[in-house]
Structures are given as structure tokens and as C-alpha cells.
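Report on one structure; see the data block that follows.
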Amino acid sequence: MKRIIVFLIPLIIFAKNPLAPKNFGFYSPTANSNDFQIGFWDLPKFDPLFSLPSLSKDLIIDSYPQDGLGYYLIQFNGPVYRYMVEEIRNLGVLTLGFHSRYLLIGKMDNKIKERVEKLPYIRWVGIYQPGYKFAQTILKDRESGILTLTLFYPEDLISAVNDLTNKDFKIIRYAQSEYFKVIEVEAKREDIPILASLPYIFSIEEWHPPELENANCQWVIQTWAQENRRIWEQGIYGVNEILGYTDTGLDILHWAFYDPNVSISDTGEYLNHRKVVFFKNWETYQRPSDPDGHGTHVGGTIGGNDSLMGGTNPNDGHSKGCRIGILAPIPQPTGWDLTGPFNKMTNWLRNPELKVYTISNSWWTGTMGQYTNASASVDIFSWVNKDVIIIKSCGNQGQSTQYRITEPGNSKSIIACGSLQNGLNSTVLSSYSSRGPAPDGRIKPDLCVPGEGIYSADAGTQNGYVSMSGTSMAAPAVNGACGLIRSYLKRGFYPSGVPNPDDSFPYISASLVKACLIVSCDPNIGNYVIPSEYVGWGRVNLDSVLYFATPVPDRRKLLLYDDTIGLRTGEYVEYEFEVNDNIPLRIAVVWTDTAAAPGANPALINNLDVLLTSPSGNFYKGNIYQNGQSVQNPTQPYDNINPLEVFRINQPELGRWNLKIMAQNVVTSIPQPYSVVITGGIQLRPRTGVRYLAHYLIDEPPMGNGDRILNPGEEVEIPTWFKNHNDYEVEGVKIYLRLRQPDTNVVILDSFKYFSSIAPFDSVFTGEDGFNIRVSENLPNGYSIPLVFSIEDTLDSIWESRLTLYVGTPILVNREVVVYDSPPNGNNNGRLDPNEIASLTIGIKNQGLGNGYNVYAVLKSLDERLIILDSIGIYDTIFKDSTKFNNQDKFVVQTLPNIPPETPIPCSLRIYSDQYIFSSYLTIVIGELRITDPIPDNASPIRYWAYDDVDSFYVECPDFEWVEIRGVGERLPISSDDQTIRIPLPFPIYYYGVRYSDSLSICGNGWISPIRTTSTVYTNQPLPDPTSTNPSAMICVNWDDLYPPTGNGIWFYYDTLNHRMILEWDSVHYYN
């Protein structure tokens, strides 16, 4: 019978990784005295057991009405274990997630609240007060503005919209995603207490439109040696990497991006384009272009390369061999929920292989120094997509005061980039670069790169280059650096320092790339001492982290480990490594934390503590620094606010070091993954003794299901190999298998094996009658079983080898959606359009350690405009690490005709596999904005976006109604030929979702525009792409060469009763 060898340790990257877990165990974590201090927005932090913040009477409620049903804060008395959360749920609490460290948000009534308060691990329970929902500075400098209202997720969005409308609030926009329900309203400052007191409101923020972060370097980030581009010289250019960004657009005709073999005429995906894999929009249509030039400059810095076109300009992008994907213009999602725009670049692609693994953002939301919806949404996206790196410019707000990092730069997972001067002056911080820290004291910015005087592609030119400055220019440089790190790992340079396809990383987490960047940082920037609220961890220098063996092996070596399974509260893991050279030792342990609530202070949810111990027993704690390096034997407590722990020791001791990573508080249902990166004078110490080598599992019926995986309730044989690493023969070898920690869920049934002798450097095998264990039923996926082999010989030598087995269950999550919309009920374009009946297949990925059997899923629409006709899809078996579609039993859906193009529809998917049930959410985008008519009339060539009766799929379009206003309204002073005037309006204009100012340009030639313009064009131009002298947003009601002095004039009327503006051209003649 053929047997399959399975190595069950947290993650085998490749057989030759010189860094691997040495020990695994359990401890009892405790809380620091300040752990119970909680904060909301800009309110002073407080310990609720001793005092509450001073709030006005209209922002406090003593109790909820009737049975007390409402939203409460539940504070634990220390580190949280998952059984605690499950016990609270079993009492009837509807949990919404953790606000901050030990603070759970839950919905319950008085009876349930009394039972919760009696639990031994609960410290305090209190009402989520109206005064906790917003920053006190909202609308402080102006009387009114737009506010973002985030709902408690169980609340009904439409009911909230209707209630606000009945209260005379003007609704601007509202939306629902998998994680947020948000409404934007116009309000005055005095309205805030009223809004905060509404029981369905979770948080309130001031909304601003986005702004670019340009204030008006190749060798620096590669080596910090003038003109030395060593990373490129090693053949690492970012080839096969796809890097993404959001910006104003991209000039696809510039030689840095142009492909003569693949034309780009519209938004979409371009599988074979040499540089641009997709140009996407979010809500607002923009053809592939760059009206501003900012996005072209940024794209050039990331990965521009003009050599294919014969160009020789030296200002190529950092990952000049990469391909790029762009979302333009800058997204302005409702409530600044960025999960939608980022999903569109990663998980909602029609070609999943075009997914980007980096997304940089050189703009801000208009808010700084707060952890807002924008930051929380970035952290949610990053938690779900742990292999996507999000990067942002830290802002151009200067250094006059603290807390000037612009949003969403205060996200825990985002890499916020400060700006330096360029070239030899890159030891100087740019005067405009925003100063941190984050509002809860986290280290921000994260790092710095040159962002001043950066030459890159100039939009509107064939191959011109222009200088720009700003942290806008720093973010794409870091994006390009991430591409080089990913390429280094993908090409298998680690650990040997030369490319080896067998060492290629199959998966690269964002935390691993971030750890590489942090470790690479050099601290020599002015007089700043790292970690710093001005420069973070320093200036990126990739040669300080990436090890190369040619032409001469680097003195500095590299160790890294990417643990994708992680740790739960009370677990620890240890690593050992040898230092044989006292050059500086740098270590970073980085993890991607889940989101906190907007306004949370502190924002860290899952906390890992890291302890580094030297050969002599001196110890160091992560992030505890003095004079730019780690403090020896510190008395301070462990860092409990940053999702990373970093060590720098300038003159390390020689010998064996120990790195211990401890899960102090992991509240999530899955363990907390992490990444380790170590650089310095590291030596690989040869192994000695008899050690565990490899094993596999046998779980044949009736004690197992035969899938070679340790499932709950199974009894398994463990055939095992052991190797003699000594240069002499060992005799009388006795091997005992034991638990490293008592565990009633595990029984060892066969614990002993004997070998008479093992030759030098030879291995032995137990045979199929190996060690034997049995595990309890109902164990979760990833449940760890720490084991130890105690090995003895006749000379009384004793060696130990540690092995950790993991219980495998399926973890089933949805992936991409494929649409089958064949006639007669669809138009066969491979996407869902309004008024279609189509079949769907949804990919389900098994990312657990066990196989999924008898799998089926139930699809539910959360929007009445998408009707599910067949809600059940059959999948049968989904093996671990595989994705399967329901091709044999598709879902069937119907879209109603009143859905505008590119409307995201939230859906839920409930997945069943034997005794397991998984609930997830997905978004199905209906329609797609195109430059051409979505449903061709076939009567003439398509020249513009036509809205007519033939386009029955798109009934959400401009509506024309004749209302006579001559004599009622005001005759406009347009009295000559080719004249355009501007009139004020009592409200702002929203044109295709874009907010314009409260005025309107009116041209006598029969068109209007929300853009301030003096254009008087009288000749019809193709839309939506008029000539460069004319506005891009035009409503062309009567566009022709008209002559207003003749006829009855042009009239304007504001209908206050129906809240509408009416314009009338009354019998205006043609010119001549």
C-alpha cells in the first residue's frame, strides 16, 4: 500500500529552513495594571471599575428601556480564552467583537446581563454610552458638515435610513458590506447628541473627501551606497510580481507602461499586458487615463520601465520588472469602508491570477490622528487577507505637534511611510513628513524612504519625467521594495543566498514582508533615535536584510520563519539560533492583528509578548529601547500596544540565543499567526545525537477515516524515522514518546520503540507499527498536541526531539464567483447585469488541516434586488489546501432591473460539511461601467453611453421631465452668443456619485456642468471623453450651436417643495 508522508509542524516552508520552532508549551499570562484603562476617541482613558468619563447629561443613559435590551461593554479581568467568549454566547449574548484589549461589545437584556456579571472572569459590564461614539472635536470649526454614521451591525440599515429621514436629516449615501453598515448625513454640530443617542448608531465621524499627499531613489533603499543597486544586480527586479495602488489614474501610453502588443481602450483586466494587468474604477467611472498626473508618477515609482520601448531613462521604478494593477480615481467609499475597493483589486477579479499582493495609497481621508472607520476597515481586510500588504503615505502635515499621521495611516496593519530627502541627503527628514505616534501611542510612522525630489513618469508625455515631492512619493517606493522582497522569496534565494526553485515560498504573508522591511531599516536619520515618532524604525535598506552568497557571501546572515497557524492565549513557542560574529543583531516579530472598534484606545486586540535571552542569561523585551538599541534586563513590562516586537543589539554575545514568543491575549476564534526575521552574525550549528527525522500517519478504519489526517476522535499510528547525527555508531537505542504537557484530550497507546544500533549519519524507521495515540472528539482545527521523544543509548546519552501534531478539521471559506449568463435570460458577457437570470459557481477553499466531506452551501441575498432562485450548491469532498466550485449544481439568481451598474450586493454563504458549519459573507458586483453603450442599439456605431428604451437592463438613468417654468422662474442673464455663467445652488451636486460644489455652470449652447468652467463649446464631442478644454462632467440636454438672444431665453427655477432645480431653454434658436 502506498503511504503518504505528512510533516505536521506549524508550517514547513521547505526542508532546509535553518530556523524552526525548538520548543512549544503553555504558560499562564497575566494582565498589566494599565491593561484595564480604556479610551474612546479623544476622551481621557479611564478604568471603569474606579471612574467613568465626565459626559454631559444628554450623552449618558442610566439604563435601556423596558427589559434593558441594548448594547453593552463587557470587560474581562485578564487575558481572554476562547471558552470564555463561547460561554458568554451560550448565555444568549449577541457578541459583536472586541472594542479593544479585554473589552467585548455585546447585545443583551437585563436578565442575561445579570448572569454575565456573575461569571468569575468578568470584571465590569456597562452601557455603551452615547458619549463614547464620537470625538469631541467633530464639526468644531464649522457649523455643519457631512457625518458618517456607523451602525451596530445587527441593526437594519433601511430602517435606520427611514428613521433619520423622518427626523429631517438629509441622507447623502448609505451602504452595507460584509463588515460595515454606514450612512452619510448632513448635520449640524448641535445634532450630534441627538444622533449619538439613537440606539442603532455605533460611531460617528466627520466625513471629508480624499486629498493627495504630494507636497507641491533606487540605490538608497537597495544598499544606501551611492549608485549601488545590488538587489537589481542579483537579478531581482520584481518579475512575476503584481503590485497594486489606488490613485488619480495612469497614462497607459507613457513608455514606462505602454505595451504595443496589447491595447487598453477601457477599464478591465488585461491578462497579457506587459505592465498593466487591470485598470479598475470604484463607483465613479474614469477611462484609462490620468487627468491629474499624480497616479502616473506614483505608478512609475512602483514599477515603471521604458526599456521595452527603447527608452533609456534611469528613473525606472523600484520593482521595474513587476506588473501593476490600479484602481482609479481615488476611491471614496461610503463611510470610508475600504474593504470594497481593496476587494475589487484582489478577490473580485474575473481573473484571480491577476490579484495584487500590495496596495499603496498616496492620499488621505481628510482626518488625522484618529483610528477611524478607514483604519478599522484596513485592519479587517488585512486580517482576512493576510498575504496582501497595505501601504500608505504618512501625511504631509509636518511635525509641529504629535498625532499628525493621516488616515488610514493609523491602521495597525498598514505600513505608514515617512519621507526623506533623496540621494546623499536621505539622512534628512522632509520638513512636511507627518509626525506620529498613533493616537494610542503605537509607533508611527513605521519607516521612511526618500519622497522628496523624486523623478518619475510625467503624464501626457511620451517618455517625459518630472520631479515631485511628498509622502505620496514615499509610499510607492515602499510598494516597490515589497515587490523586491517577495521576488527574493519567490525565487528561492532564502536560505542559500542564490536562486533555487526548490526553496521558493508557496505563500508569503504580509507580516513576513513587513518584518523584513522593519529589520532592514537603518537608523541614521538626523539626530532621531529609533523607535521614533518622527522616523519610525528608520530608513529602508534592503541589503541589510536580504542575504546573498555571490559574488562573496555576505557577513550578515538571514533567518526567517512564517508561522501561518499561530498561537492561542497561554501558548508559547521558542526558537534557538547561534551567533558567531558580533555585528549588530536585528530581530522583528510581526503579526497582523484583527480590527478594533473605531475610536478604540488602545487599538491592539491580539497581543504577543516576545522575550530574547542571550547565552549568558541576559534578557531583552521587544520594543524596550534606550539610545537606539534594546535595553538589557529591563524592568518595564512587555509592550502591549504595538502589533510587532523588535530587537536591536549592536554588540551581541557570541553563542546560542533563545527567542520566546508568548500569546498573552488572543481573543479571536483562530490562533494568531506571526512572522520572525533575524539578521546578524548567525552561524548554523551542526546537529548531534539521535534526533527525530520524519513521520506520517495511518488512520485506517474503524478507528479513523483513512485520510492520513489526525481528525477529532481518531486513533492513529505514527510510523517515524530517526537519524543518528553523530560520527559514531550508537547502540541500544530506547525511544519514548511523551506529552510535553498533561492533556486529558490525548492518550498515548504505544509509547516505546527500541533499535539495537544506528550507524553514523544513518536513519532508522519504526515500520508501520509506529507510535500510537488517540484524541478526543470535538477538538477544534489546529488543536496542538505537543509531544517529545526522549532518546537514550547504552552510554546513558540522552537526547530530546520535539514534535507537535495538530488536529485537522476543515475550515471552509468562499473565494471567487463565476457567472454563467447565457441567453435567453442573460447576455453571455460573464457578469451579472440588471434584469438577468444567471447561474453562479462560488469557489470554496479549505484552509483547514482536515478534509471537508459532504460539503454543500446555502446562498442568501442581503439585498432584495438580488433574488436567489436556487440557493443550494453541492460540492461533495473538498480536500485541505484546495479550492472547489459547485460546477455540477450551480446557484441560480435573478437581478432586478433597478440596479445601477457596479452596485455591490452583500450576500451570505452558509457552508456545511458533516458536523461542521461555516458562515461567511461575499459581495457580488452587478454590472460594469463601460465607455460604450452597455446594450448596443445596433442601429448605428456606438459613440457614447446611450440611455434609451432599448437599454432595459439599465433603468437607473437620467430622467427627463418637462415642467414649464417660464414666468415662474428667473430668466438667466445669457444674452450673447457662446456665453457660460455660474449660478449658486442651495445644495451640493452629486453627479454619478461624485460630490461637487454648490453651484452650476450653464452654457447657452445647451449644456450644464457641476464643474467650474468657462468653456463655451458648441460642437458635439464624444462622451464621456470631451476635448481637453471642456469639463469631464457634462449634462448635455440640448447641446448644439445655439443663439440665446433669439427666442424666449433660458430660465432657472429652484423648486423648494420638491427639492429640485429646473432649467429651461425656451424656443432658443440655432446660430444663424
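The backbone N, Cα and C atoms fix where each Cβ goes, and this holds for glycine too.
TrEMBL annotations:
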DOMAIN    243-491  domain 'Peptidase S8/S53'
ACT_SITE  Asp247  active site, charge relay system
REGION    289-314  region 'Disordered'
ACT_SITE  His294  active site, charge relay system
ACT_SITE  Ser472  active site, charge relay system
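Mean predicted confidence for the domain 'Peptidase S8/S53' (243-491): the pLDDT average there is 94. DSSP assignment over the region 'Disordered' (289-314) gives 13 helix, 0 strand, 13 coil. In the structure shown, the C-beta of Ser472 has more C-beta neighbours within 10 angstroms than that of any other entry among the active-site residues Asp247, His294, Ser472. In this structure, the C-alpha atom of His294 (active site, charge relay system) lies 7 angstrom from that of Asp247 (active site, charge relay system). According to its DSSP assignment, Asp247 (active site, charge relay system) is coil. Between the alpha carbons (Cα) of Asp247 (active site, charge relay system) and Ser472 (active site, charge relay system) lies a span of roughly 10 Å.
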